[in-house]
Amino acid sequence: MTSFPSFTIEGYPRVGANRELKKALESFWAGRIDEETFTSSAHSIRLENYARLRDLGLDADYAIPADVALYDHVLETSLTVGLIGGDAEEIDLAEYFALARGNAERSPLEMTKWFDTNYHYLVPEVADSGAITPRAQRILDIVAEAKAAGHVVRPYLVGPVTLLAKSKPAEGAGNPLNRLAELTEAYKTVLAALKEAGVEWVQLAEPALVSDLTVATDEELAQHAADTYAAILGVTNRPQVLISTPYGSLRAGLEALAQAGPEALHVDLAPATLAADAGYAGRVAAAVKAAGKNTVLVAGVIDGRNVWAADLRERLSVLEGLKEAGVEKLAVSSSVSLLHVPHTVAGETSLPVDVAGWLSFADEKIGEAKALSAALAGGTVAAADDFARSDRAVRTRTESARTHNEAVQARVAALPAGQVARQPEFAARVEAQKALNLPKLPTTTIGSFPQTAEIRKARADHRTGVLNEEQYTEALKDEVKSVIELQERLGLDVLVHGEPERNDMVQYFAELLDGFVVTENGWVQSYGSRCTRPPIVVGDVSRPEAMTVEWAKYAQSLSEKHVKGMLTGPVTILAWSFVRDDVPLSVSADQIGVALADEVADLEEAGIEIIQIDEPALRELLPLREDARPEYLDWAVRSFRLVAIDAKPTTQIHTHLCYSEFGQIIDAVAALDADVTSIEAARSRMELLEDLEDSFHSEIGPGIWDIHSPRVPSVAELTELIKAALVNVPTERLWVNPDCGLKTRGYAETEQSLRNMVLARDIVVESL
Ligand code: GLN
Ligand code: ZN
């Protein structure tokens, strides 16, 4: 039996170093390439990744994780084990993409965030009954294809407990976890097939065990894991099993998994995980030792969530601590899949040189894991160059003026501690804001208007120098003008400038704030073929000059109506960036908060009387563990309040959030203390407003048009939704708006839908 490699990674980006898979997928969906061409490029991308991983040092058998997926790894596992999908032996592309993207017969699976990352997975829907028929051929093909190219890879599946814990019940069905015993049998079948194909190691990822979920308590999940793995590991016809637990620290699940005795157990020992749970490394060592099962402890010491070069000496001390605590078999790995970071720093040509030396993306992280494994065996001299580089990065980063800005630190230090509040209170502000003279049930939009092919072309031409600064600005101004004219024509009450100058609502601010750097090629998969390029917070953040004022002023000059200023809030800026690991997140949040407060002041100065601060990511950063949530919500709310704190009472502050499941954060949303809050509500048919009644005093704009689809809602339907909202929200507090920004929509449906929205509002006002 092959023993576990001395170092590995939890997973690797799959879109390709130059987003080859994205391009192949989109060409295939658009019909530009046929199925055979698509299949063969997906095949080459996988093999190129394996070859690169081997070159980077993952050359031992089973060191390379085959966590491959055409669209999503949760979909891959669900189909392979038969949790969803048909029962034909082969899983064809038509079936696969129908589940991922929908077709004429079915809507796609719902998509939601994978733990607290920015990756979205497809949520399997699980009925109470019906056969679970595994279809192992797909995973066998993956293994065989790699083998034919000379790579002995480690097949990857999401584990059964996590798969069900992250599924949702089909219409009317009970808790998906009720089907765990049946599903476990399906995994056993797939594992047996892998064994028969000669596979000696398989990986089952069980991150559900590091989070507090509503479907089961920590103890219940641990019990499920104990039962499931007793069944899976209790048979001999299977490969050796690595159970991995990325995204945080195990609690009850730790003893359960250690006692189950897999041949290898991976734990997340990233700096942030240990900072949140100081005794974790010690508990892990004790649990593995106490279990006495000869399990290899796969120590995820390389941070897979962030882009900073590891402090190798400090990381080595964590590994040595495990050894001293009696862990006999130790391997080095990343804390989570490297899927969450870009491919390589080598892909960046215009990062400041000092900053480049501080960063490690996926490929560099593999080098770090390799160096640690060498040092563990032969001391730091065995990887002297790597340690020297790490020492230099740690030193120069600590000393750099780029990371520390004393003026910013002094300003934030002078802020009052604890929660802050805008004065006067909401009731008095409502009175003051009557001066805005808004009609009953005011209509507005969330900010962006369609990003047309022309805007994207202008942006590209600007980047390549075809358009100079002035020409580019002119093109954008024309766009703003036409967006304002359109809104006037449609009769909207509170206008927006349309955000044509923003490629992305976070990147735009990151480029204008000090303390950030942006990458050229730092793409990270968000879902399917979609990738984002998160900016990096390198140091103390400040605002060298006004960022949005010129656009707002220009737009306002074109209309007698109010034009909203449009800002992205601190939490969202941080949620969609790579953040610092040398200060708590709350410090960066405060800094961004005061920088944006200056922007609010400048907008007011320029005559803008309504300002929206978007916080669509407020819920996304919610810690996986319940006991960490109050502290997070406290600083998150504070940072938002800092933005608005000095706003004049007559300035109306809006906020926007993109989802309707408020459950856990409803109080925090109310605590933002915005004057107007817009939220997603069309899909739930305004039902959520029933729960909002007690918590919300502010005005509210429950989106009545679901902008996630090109469908144009009828006047009748919109009228009904406004009336439904009025059941729970008094007339004086209700706004009429779409669910979210219109950036991804086309102009045809935008115009019709907004026209219908205004008509519906008029009909309702008439009937009051
Ligand atoms: N103002 C942004 C827009 O309209 C808000 C986007 C969002 O909520 N994600 O595009
Ligand atoms: Zn939104």
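Residue 1 is the first one shown; counting continues down the chain.
Just so it is clear, glycine is given a Cβ too, placed from its N, Cα and C backbone atoms.
Those TrEMBL annotations? Automatic predictions, nothing curated.
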- [ ] For the Zn(2+) 1 site, TrEMBL lists Glu680, Cys740; sort out which one of His654, His656 goes with them.
- [x] His656
Open item on the list: The 5-methyltetrahydropteroyltri-L-glutamate site in TrEMBL lists Lys22, Asn118, Arg530, Cys531. Which one of Trp201, Trp551, Trp576 belongs there according to the record?
Closed with: Trp576
Task: Per TrEMBL, member of Glu399, Glu488, Glu499, Glu661 binding L-methionine alongside Ile446, Gly447, Ser448, Asp614 - done: Glu499
Task: Among Gly447, Arg530, Cys531, Asp614, Cys658, Cys740, the binding-site residues whose C-beta sits under 6 Å from ligand 2 - done: Cys658, Cys740
Open item on the list: Suppose we screen the recorded positions Lys22, Asn118, Ser448, His656, Glu680, His708 by Cβ distance to ligand 1 with a cut-off under 6 Å; which survive, in sequence order?
Closed with: Ser448, His656
Task: Subset of binding-site residues (Asn118, Arg530, Cys531, Cys658) lying within 10 A of Cys740 (Zn(2+) 1 binding site), CA to CA, in sequence order - done: Cys658
TODO: Give me the non-local Cβ neighbours of Gly447 (L-methionine binding site): same chain, 6+ apart in sequence, Cβ-Cβ under 8 Å, ordered along the sequence.
DONE: Val496, Gly498, Glu499, Lys564, Met566, Gln612, Asp614, His656, Gly741
- [ ] Take the domain 'Cobalamin-independent methionine synthase MetE N-terminal' (8-324) and average the pLDDT across it for me.
- [x] 97
Open item on the list: If I take the alpha carbons of His708 (active site, proton donor) and Glu680 (Zn(2+) 1 binding site), what is the distance between them in whole Å?
Closed with: 11
TODO: List the Cα distance (Å, whole number) between Cys658 (Zn(2+) 2 binding site) and Ile446 (L-methionine binding site).
DONE: 10
